[in-house]
Amino acid sequence: MDYINPKTSNSGLDLLKNRHKEYKLAALKARDTGQLGKAKELLEASKCIGEAIVNIEAGKETFDPETDLPPPPSEYEFSNEGDPNNETVIAQPPPSSQPVKSTIPDIMKTSIVCTENILARITYYKEKLKEITNDDSKKRRYNRILTRYDEGLRACEHGVTSFEFEELVPPPGYPPLTDRSKLSKNVKLSNNDPKTSLAKPSSGHPIKNKTEAIVELLTKRQDELKQAAKAAKQSGNIELAKTYIRSVLGMNQMIQAAEAGLPIDLTQLPRPPALTDSNSSRPILSGLKCDPPVKYAVAFNSLSGKSFQIVCFFRGI
């Protein structure tokens, strides 16, 4: 399984899973003792940890137990609503007849990807960062979150659709950014541009997603190796035929992993039979469309006002 990119050690992931269980148990205990505000916040924290575990196992996020492990439930910082010391306090109505306005913008309650929503969440995390005094681990975690939000803000401002906004850590109790309906007019302009429309297929077949394209590439390479093995056998070169067959069988698990959506290291893909050592150093186009790094996409989009993709190439496959 070397072709699956490792993202974190099993021991670190086990620590995170144990901390996940601790938060669940603490939430149940708080609920049973009538501390509903505390139970709610612990449950929300448990859900966030659970989502992080799924992303780490899928290879979407990295995890360092020394810096990223959440504190134990006993050290969790509760809001006034979830503070166990405030459970018996009865809220008094404000003396004024005017309704009290929340300091949290309404846009944060939505999942819309827009600069206003991202800026509101950046402001939230900056305020929380100011409140942290003696927890260096938490400071580093918040700084990493803010760095990603800054990248997301630039991507949103320049219409970079390849940025994964849904992976930005939402503030507790607020939804992730999944609604891209308002993500930059530049995307619509590039879709209507006559120059860019020429690159679209004229047939009615839908464009393949990355997973389907990778599976197609692997399957095609496996078929090439099968034909090469058959030809080698017919020519009497049994050892070469056996080498090709071993490569064919070895690709079965790689194809299964790709069909499951797991990240594949294409540098371990067996070379095509016709590729000799004399030309193996030349780049070979895979034909897969892929998105460039966000910082480059932002730079090009700011100059041209158009989003774009590049064609990936791999050396020696």
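Cβ from N, Cα, C; glycine included.
Note that the coordinates shown come from a computational prediction; the quantities given were computed from them, not determined experimentally.
Of the listed segments 96-123, 152-179, 208-235, TrEMBL assigns coiled coil to 208-235. Looking at the coiled coil (208-235) alone, the prediction's average pLDDT is 89. In terms of DSSP helix, strand and coil, the domain 'DM14' (13-73) has 47 helix, 0 strand, 14 coil.
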